Amino acid sequence: MLRMSIGHTLLGLLESGPRHGYDLKRAFDEKFGQDRPLHYGQVYSTMSRLLKNGLVEVDGIEPGGGPERKRYAITDAGITDVERWLATPEKPEPYLQSTLYTKVVLALLTRRDAADILDTQRSEHLRMMRILTDRKRKGDLADQLICDHALFHLEADLRWLELTAARLDKLAEVVAK
Amino acid sequence: MGAGFAFTGRGGWVRAVLTAVGVGLGVALLLLTTALPSALDARHEREQARTDFTFSQTVPPKTDATLLVANVGTTFRHEDIRGRELEPEGPKAPLPPGVDKLPAPGEMIVSPKLKALLESPDGKLLRERLSDRIVGTIAEPGLVGSAELAFYRGGEDLASKLDNGRVVRIERFGEPIQGTSDPWDPVLILLVLVVFVVLLMPVGVFVAAAVRFGGEGRDRRLAALRLVGSDSGMTRRVAAGEALAGSVLGLVFGIGFFLIGRQIAGRMEVFEVSVFPSYLNPSPALAALVAVTVPAAAVLVTLFALRGVVIEPLGVVRTAKPRRRRLWWRLLLPIGGLAMLAPMIGQGSDGGDFNQYLVIGGVMLLLIGITALLPWIVETAVARLGSGPVAWQLAVRRLQLSSGTAARTVNGIAVAVAGAIALQMLFAGVEDDFTEVTPYDETRIQMQVSIPEGMPPAQAAADFRRTEGVRKVYAYSEGYVGEKRTDPDFSTQVTVGDCAALREVAKLPSCRDGDVFAVSGAEYDTDTSDMAKPGRTLYFDPSYEDGHEGTETPWTLPAVKRAEAAVDMTGSERGGLLVTPKALPAATTKSLGGQVYLRLDESVPDVYDLVRNTAAAINPLSDPMLWVSSQRSERYDSIRTGLFVGATCVLALIGASLLVSQLEQLRERRKLLSALVAFGTRRRTLGLSVLWQTTIPIVLGLTLASVVGLTLGVVLLKMTATGLSVDWASLLAMIGIGAGVVLLVTLLSLPPLLRLMRPEGLRTE
Amino acid sequence: MTPSGSLLVAEGLRKTYGPTTALDGADFSIHPGEVVAVMGPSGSGKSTLLHCLAGIVPPDAGSIRYDGREMATMNDAQRSALRRSEFGFVFQFGQLVPELTCVENVALPLRLNGTSRKAAERTALSWMERLEVDGIGKKRPGEVSGGQGQRVAVARALVTGPRVLFADEPTGALDSLNGERVMELLTDAARSTNAAVVLVTHEARVAAYSDREIVVRDGKSRDMERVV
């Protein structure tokens, strides 16, 4: 999952224009990798997988050779893939924020509607909460307590979603820098 | 610190001003009360300083320092006019107070009020009677009141009329002050006391309520002060400070009101009594007492109101759980009041004294009794009120929850109305006393005019016949005869007139000029039958040992016919001798006084004054007598109007406070009102419930007020020993005004209510 | 989702209070028996949307059709009558008349509709029973707990058998447990009478009792079903 999202994230970063692998790593670290900088090997392996799947192509090679000198560009298939990934809500679960955050920032970077992403997620969260609430109403005390735990976590997520939605404009400013 | 709070906050200044106005009215009334005795004394002194008729037996001899004074006072419409004709007998003749120079014959010096009257179109008729040239006005020292009608005019040849009782010779004006002044009429004192108690009480109740205005808002503020660390003593001091600030402002207002009131009082007239503003000087000690007592009372009331309240940092806690109100001690107050008044019942008739303290105490206890009884009545009545439509239910439940507040707001109105009812009854009763019912038959004659001696009544009769509004004139010469020249043992009345005139006073068998009739069987007539013997000599106007020197004109009786007594136009049976003119020798005319009895068309405007004008033209010294049994004068109307105005002002003030608390309450319920409207409550329903909420306590309050007012009125009338009469119209009017105030308050609170009911109230702040 | 078959439909609602724009082209629709949560940050206009939908506040522009009737053509009296007979209301607080007893409060809407006092209070008591507060009928609102008071308010909202129940932060002043119980009772009761519920809340766990949610932001509404 996490690796999938690294692929999507790098793809998304490429949407703004062809980049060298090293540039990609730097851009990723700068925007998303505050506490976990990307290892260069990760970039290389991810890019080769994307290349294999036809989501990126090599735009040019700098003189001097070596994979690190390759310049990558996103393909149409790649763009569609990013699109689909952004539009798909994550399965509501705890500690989702990093993925969601990545999605929102990428959407802002690629001038997509970040609010949509948040709303979609919010809807998905609420759907989950409805299911839990329903289960809780019909279940015994143990069910109720378990459901409540999940509900409170989901509620916290949802609040984060709301807060982020309210701060999208500010975030866009920061990201654009 | 509290002073600062008094004027801040929402509606804070409205509250402060209302409190100040209430306190101000109280202060002004108190100052006026303290000034009243000195004002009445001042009047008395002025009256003494200009006294001319001392009724002393000895007439001073004519010198160059004597003045002849004739009483030419007259009446215009229902107002008495003090009039004097002055004729100096030498250059040193005294001047009356307020006059610089004696008016010459044909000249007149008048009081400012009379001058205004004479110059107004209203006074045109009077101007015909007082036609002398106005050469000046009487200055203040010569008048007892600003609204007094008085004049001095120049006279001629008054010496010849010295013996007729309306002319005197004096060496100076004013009576040497003889010991104590006359004691005041106890009834008048009672009136004054009751007026002031009745006016002061609602103001007191109002002030007590006013310092509690916005009590809840204040409590919240005090709670906030507690939260930031003030202890309960400090908060109480802050609350007292607030009340003090309001009442100090009120003190300033009060002095202003008093100064304005003093000027207005200078223009007012009650029972023909008016005063000059300068008379109204409260004694400094009493004024200082007022200045200290009123703010102190306001503070005390505030602290009293906070007595059962503990202000905690997070809000206000009422320590005492609201208990059911008990009746017994509440009844003690009015019963105590009655008990204080009861011993004085009937004392007005024999000039007895009223104990002032008992009167004030009794009236106050009765009125305070209302404020004690009303909360109990409201609580008890409201608890028993049954179900009804929603508006009714909402109002009743609201009242059940806070009957005390409801009663407090109505207290002032109830006290004012009760006092006004009692006062009105007292005024009406006393007024009845002032206009005694005369026994005369007013369907026959309405006025009687004396004709000066020596003038043939027939001539005067002709003048009166020409006067507009005179329907019929009966002219007689009247006199007395005795059987001896001096100190007669028997005497009888002689009436001289033509046959037609004589038929008006007795049943005559037949009549020709020259006949003499003896009337038998008349009331109070014992001597006639003995004296009426033909050929017997009788003497007109006999002399008496005690100094009366009569003309002693002899008259020998001719043949005497018998006549039967009948009720004459004066309403009594006329006895004595009835004589036709030819039966009398000419010499007797100077012993006879002419009397003209007039039947008037009372629908003619100012008919009495037309007659007075004619009478004055015939004889300036005449004072025509009005024989109208009960004159319902405009004076009573003006008092009633004044009372209405006063009561309305007090009620309007209370109404304003009612409105303020009503609005405050509505604002607190803003959210609830919006919610009620949201789920579809008709505005009408809510408006009606507000109306009921004010109406129920008011109806109870007015009912109690009527009962107490009538009781107090009856007791006061019994005290003055005047006939009981209830002026139902004014009673209803008073109640009507009270009800009107409620209606007005409700109407005025409707627009804010409608505004509060708008859904904006649902929005969270 | 098409508005057809909807009980209450609003389109293009606009409403300003002075300089503030509360609604700026909001849409809404609800089916009979549906529970729709209206969410959004404070000041987003969600309460205004509810007030407009309920005919408490006329919108500046846009149309609201209830049961095929256009609300804009109704006068105040007609809208009041509609609220009395077809709608029910629950607010966050301050809605119970403090001087009336609880049962009288519940009976109030029936009495406003002209039902006799006895009959109204009988019906009221049966609703209070359903909301598990029949024991406090004789008490005044000031003497009962917040949760009880809110149940009384729900009973009052439902007592006339409304077709739409408007609830504005019905659990706003309650703790989680009380709030959830009130929501359970409210939605159960509404479902059993096939009443639609417009539920304004900012709490996700309360909104989770709905079938569908609408988010209002800056006066614009967003139907979350259409996003997915």
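Residue 1 is the first one shown; counting continues down the chain.
Backbone N, Cα and C atoms are what each Cβ position is placed from, and that goes for glycine too.
Taken from TrEMBL as is:
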type	residues	note
DOMAIN	B:194-307	domain 'ABC3 transporter permease C-terminal'
DOMAIN	B:646-753	domain 'ABC3 transporter permease C-terminal'
REGION	B:82-102	region 'Disordered'
TRANSMEM	B:12-36	transmembrane segment
TRANSMEM	B:187-211	transmembrane segment
TRANSMEM	B:243-265	transmembrane segment
TRANSMEM	B:285-306	transmembrane segment
TRANSMEM	B:327-345	transmembrane segment
TRANSMEM	B:357-378	transmembrane segment
TRANSMEM	B:642-661	transmembrane segment
TRANSMEM	B:690-716	transmembrane segment
TRANSMEM	B:728-750	transmembrane segment
Interface-richest range of B:243-265, B:327-345, B:728-750 toward the transmembrane segment (B:690-716), CB pairs under 8 Å: B:728-750
Other parts of the chain folded back onto the transmembrane segment (B:285-306), taken as Cβ under 8 Å at six or more residues beyond its ends: 19, 23, 26-27, 30-31, 34, 207-208, 211-212, 215, 236, 239-240, 242-244, 246-248, 250-251, 254
Model confidence over the domain 'ABC3 transporter permease C-terminal' (B:194-307), averaged pLDDT: 74
Which of B:12-36, B:327-345, B:357-378 contacts the transmembrane segment (B:243-265) most, counting Cβ pairs under 8 Å: B:12-36
